[in-house]
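Some features that TrEMBL has for this protein:
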- 9-227: domain 'Radical SAM core' (DOMAIN)
- R18, R68, T102, K163, R265, V266, R267: GTP binding site (BINDING)
- C25, C29, C32: [4Fe-4S] cluster 1 binding site (BINDING)
- Y31, G72, S126, M197: S-adenosyl-L-methionine binding site (BINDING)
- C260, C263, C277: [4Fe-4S] cluster 2 binding site (BINDING)
Amino acid sequence: MTGRELVDRFGRVHRDLRISLTDRCNLRCTYCMPAEGVPWIPRPELLTTDEIIRLASVFASLGIVEVRLTGGEPLLLPDLADVVHRLSAIEGADGPLRVSITTNGIGLDTRARELADAGLERFNISLDTLRADRFATLTRRDRLDDVLRGIAAAQATGLTPLKINTVAMHGVNDDELTDLVRFAREHGAQLRFIEQMPLDAGHTWSRAQMVTGDDILAALSAEFALSACDDRGSNPAQLYTVDGGPTTVGVIASVTAPFCGSCDRVRLTADGQLRNCLFARGESDLRALLRSGAPDERIESAIRESVTAKLAGHGIDDPGFLQPDRPMSAIGG
Ligand code: SAM
Ligand code: SF4
């Protein structure tokens, strides 16, 4: 500990920064975006690569050791490898920043190697179904083959662990959960099932419709012997070995078993707003500070204020819960 860490009122030390590089996307997953998309953030409002690097350096000086690039779809950035290269050259408390990416995988077949060479630590790829017709309905784009090629390319880089994220949904893919685990096992990947959260732009989420972590475990247990792994730390996923390992599967039960008490994450949106939680109602405008010529100390104070204001939990179960104004695609999942 250097004494400069971002510690909040509940003693949580923040080490993980999620950076959304764009709110744009080439898919339209129903649980994330409406068919017509959302009003995109105007380009002049998006952070430049230089601005992202400057902010990441300030965060690194405050104890951030890990950066996850997300969006929208981060592969839409033509200079993504340059962003990865520059971020992974920033020194954090434990050495260079560890940089990973969450992506829908489209286009990764031609770019995975370049990203690995630029210093990327690992890939998280989203895949909710193995059936082309379902994929087309769910994402409103007929591109399952592109994603599968992307997964193969990520596997070929040898970066581990390769993670695959699946949002489990009733009547959509809940009959495919074991198939997805087998697919992940064949690709040497760790599958992580995510409970659907109230973050869709269309505000259609309903708790009653949600496949819960318990539902997921019950479905998997019918076919596999699962054994819970210890030492979860700040990992949002509870991991289980599958049939004695080495394959593991994760369950991210953000709604039914929140892990807010060990959360170590803060989020920077593509337009430079700092959010202390996925579900935060407020944001801190770091872009305005950057563009007004503020020194690092002023940016640091704004980051500390935001972390200090972080609530104990996301409050999805509170009667007064309000979904954030930004959809997931504009926050960065
Ligand atoms: N486009 C990239 C992708 O899909 O991986 C990165 C951004 S996406 C917002 C990040 C992750 O959030 C994906 O794994 C996606 O499935 C998940 N996600 C999006 N909307 C969600 C929701 N309402 N509930 C739970 N997870 C969601
Ligand atoms: Fe795009 Fe990812 Fe949202 Fe799907 S979940 S629409 S791939 S940002």
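Including glycine, each Cβ sits where the backbone N, Cα and C put it.
TrEMBL entries are annotated by machine, without manual review.
Feature annotations (TrEMBL) mapped to structure.
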| residue | record | Cβ neighbours (10 Å) |
| --- | --- | --- |
| C29 | [4Fe-4S] cluster 1 binding site | 19 |
| C32 | [4Fe-4S] cluster 1 binding site | 23 |
| R68 | GTP binding site | 22 |
| G72 | S-adenosyl-L-methionine binding site | 28 |
| T102 | GTP binding site | 20 |
| S126 | S-adenosyl-L-methionine binding site | 22 |
| K163 | GTP binding site | 20 |
| V266 | GTP binding site | 26 |
| R267 | GTP binding site | 22 |
| C277 | [4Fe-4S] cluster 2 binding site | 21 |
**Study point:** Distance check against C277 ([4Fe-4S] cluster 2 binding site) for the binding-site residues C25, T102, R265, R267, keeping those with Cα within 10 Å
**Key:** R265, R267
Check your understanding: Between V266 (GTP binding site) and C260 ([4Fe-4S] cluster 2 binding site), what C-alpha distance do you get in Å?
Key -> 12
**Study point:** Closest of C25, C29, K163, R267 to C260 ([4Fe-4S] cluster 2 binding site), Cα positions, binding-site residues only
**Key:** R267
**Study point:** R18, G72, C263 screened against C25 ([4Fe-4S] cluster 1 binding site), Cα within 10 Å - retained binding-site residues
**Key:** G72
Study note, to complete from the structure: Same-chain residues at least 6 apart in sequence with Cβ under 8 Å of the Cβ of R265 (GTP binding site), in sequence order, are H14, D16, L17, R18, S234
Exercise for review: Taking only the Cα atoms, work out how far S126 (S-adenosyl-L-methionine binding site) lies from R267 (GTP binding site), in Å, as a whole number.
Suggested key: 19
Review point. Setting C260, C263, C277 aside, what same-chain residues sit with their Cβ within 8 Å of the center of the Cβ atoms that define the [4Fe-4S] cluster 2 site, listed in sequence order?
Key: R12, P258, F259, R265, N276, L278, F279, K310, L311, A312, G313, H314
Exercise for review: Just give me the nearest neighbour of R68 (GTP binding site) among the binding-site residues C29, Y31, C32, M197, C263, Cα to Cα.
Suggested key: C263
Check your understanding: Those binding-site residues, T102, K163, M197, C260, R267: which ones have a Cβ sitting under 6 Å from ligand 1?
Key -> T102, M197
Check your understanding: Considering only the binding-site residues C29, C32, K163, C263, which residue has the minimal Cα-Cα separation from M197 (S-adenosyl-L-methionine binding site)?
Key -> C32
Check your understanding: Looking at the binding-site residues C29, C32, R68, G72, C263, C277, which have a C-beta within less than 6 Å of some atom in ligand 2?
Key -> C29, C32, G72
**Study point:** [4Fe-4S] cluster 1 site, defined by C25, C29, C32: further same-chain residues with Cβ within 8 Å of the Cβ centre
**Key:** L27, R28, Y31, M33, N104, T139, M328, S329
Review point. Sequence gap of 6 or more, C-beta under 8 Å: which same-chain residues meet both conditions with respect to C263 ([4Fe-4S] cluster 2 binding site)?
Key: R12, S234, C277
Check your understanding: Which one of the binding-site residues (C25, M197, C260) has its C-beta surrounded by the most other C-beta atoms within 10 angstroms?
Key -> C25
